[in-house]
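Visitor: Can you read through this structure? Questions will come right after.
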Amino acid sequence: MSTTSSDDETDLSCGGDGTETMIPKYKRRKVAIFFAFCGVGYQGMQKNPGAKTIEGELEEALFHAGAVPEAERGKPKVYDFARSARTDKGVSAVGQVVSGRFYVDPPGFVDRLNSKLPDQIRVFGYKRVARSFSSKKFCDRRRYVYLIPVFALDPISHRDREAVMASLGSGEEYVKCFECSERGRKIPGLVGNFKGMNFGTKPLDFQSDIVSNNSNALRTEIKREALSSVDVEVARLLEDGCKLNTNSLKESEEKINETTEAKNKFCYDEKLKERFNRILSYYVGSYNFHNFTTRMKADDPAANRNIISFTANTGINLDGIEFIKCEVLGKSFMLHQIRKMMGLAVAIMRNCAPESLIQTAFSKDVNITVPMAPEVGLYLDECFFTSYNEKFEESHEEVSMEAYKEEAEAFKLKYIYSHIGSAERKYGSVALWLHSLNHRNYPDLNYGSHGHNTDQVLVHKKVNETKGTTQTVLASKQNDEEHSQVKTFKETMTQA
């Protein structure tokens, strides 16, 4: 596999004075490279013509670091390049592994490679592997993590416009989300004549760095002067020629504060954790996931996937927002599969769909549109090579992230976690998505509910009829009934 004509690592040549000098002539090595990246600003891991990708950056860095010769530049198949996992646009990774035949000598290969990469892509190290090794073929399992804000599981947080309008006059009105830039929203009760009144607005100053192929995408930031929610809304209404009742401004601000306080009180307690983990457990096992990807037919063998575990037991605070770590372990995943699995799970937690819909979506004769959660909270946590390590235990060192755990954790905190937290704090990526999570945009969430959604009825009971513990009892009773139905379905599938 070496590009040299012999196994010698040095070559003899004559100097200018006729004396022989020793010039290093290095050999290729089959290695596995461990690295991490923050996916913001990139269109995924896999190289695509005309797209800015992680592989594109890595290939160029390998060439400039001397790992790939000029003749093989841009030809990854020639040096057996392989990746352990593909990631979608905007998705990050802390345990990505690529393999190939590279020139890693002289010492200092990792430093040379990192010097050619942007800060948001870091190489931790490399390990010598067998000639037959492929990071794609020998990867047994892949673990992904999705960080979801706790408020996303609250059925009354960030409701859509229709739900807010339906609650008017009920005595338990939902308040519009002033922190979300939902187009066309209005402040409830802003009716009256404001002629002669003078309202000033404070300008917004948006500044962002253009992300080039060799710049750090994390430097993008938005600077804005302080504006209250009412200031923004009043200015927009004035431009639209709307009438204003100033007596309702103070009342609107009070409702906003009350909603914010209620949202902060919502927490991921043991009861909520138990329900969420139960919902995620429905994905565990071998099923047909054709409804959890794009352009995949139900009879395609590739639609059958095996999920080993899916849990949400730990939380983390990022930029003042509580998140839940949802860890999913499986052999392989399809395009958008994890994001769609999370999207449907969140819809169920928000009472937009019955728990039984997950099992319904596994049926080959059912085609439904499943909501897809934003990409910002997803990252590849680790790839496992258990079979390879057992086979080559005596001849090669273990291929794992064990030696790089501290570096990986530091990178995760500095780049990935900070990006996820700031993205939600500044832009409300998940909050805005929640506004679209309704039956108007996803009518299939009603599938199999005999013309109405029982979960949604419970939400309306919360608005119109019940308070406190009574509503909780109603919700838990219905969820237990669905859980027993799903459990019976899974037992039937197992016996078959």
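Backbone N, Cα and C define each Cβ position, glycine as well.
Unlike curated entries, TrEMBL annotations are predicted automatically.
The following feature annotations were taken from TrEMBL:
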type	residues	note
ACT_SITE	ASP88	active site, nucleophile
BINDING	TYR144	substrate binding site
DOMAIN	281-385	domain 'Pseudouridine synthase I TruA alpha/beta'
REGION	477-496	region 'Disordered'
COMPBIAS	478-490	compositional bias 'Basic and acidic residues'
Visitor: Over the domain 'Pseudouridine synthase I TruA alpha/beta' (281-385), work out the mean pLDDT and round it to an integer.
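Guide: Value for the domain 'Pseudouridine synthase I TruA alpha/beta' (281-385), mean pLDDT as a whole number: 97.
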Visitor: Sequence gap of 6 or more, C-beta under 8 Å: which same-chain residues meet both conditions with respect to ASP88 (active site, nucleophile)?
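Guide: Sequence-distant Cβ neighbours: GLY44, LEU335, HIS336, ARG339, GLU375, LEU378.
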Visitor: Provide the number of Cβ atoms within 10 Å of the Cβ of the residue listed as 'substrate binding site', excluding the reference atom itself.
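Guide: Its Cβ has 25 other Cβ atoms within 10 Å.
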Visitor: Would you mind splitting the domain 'Pseudouridine synthase I TruA alpha/beta' (281-385) into helix, strand and coil residue counts from DSSP?
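Guide: Its residues fall into 28 helix, 36 strand, 41 coil.
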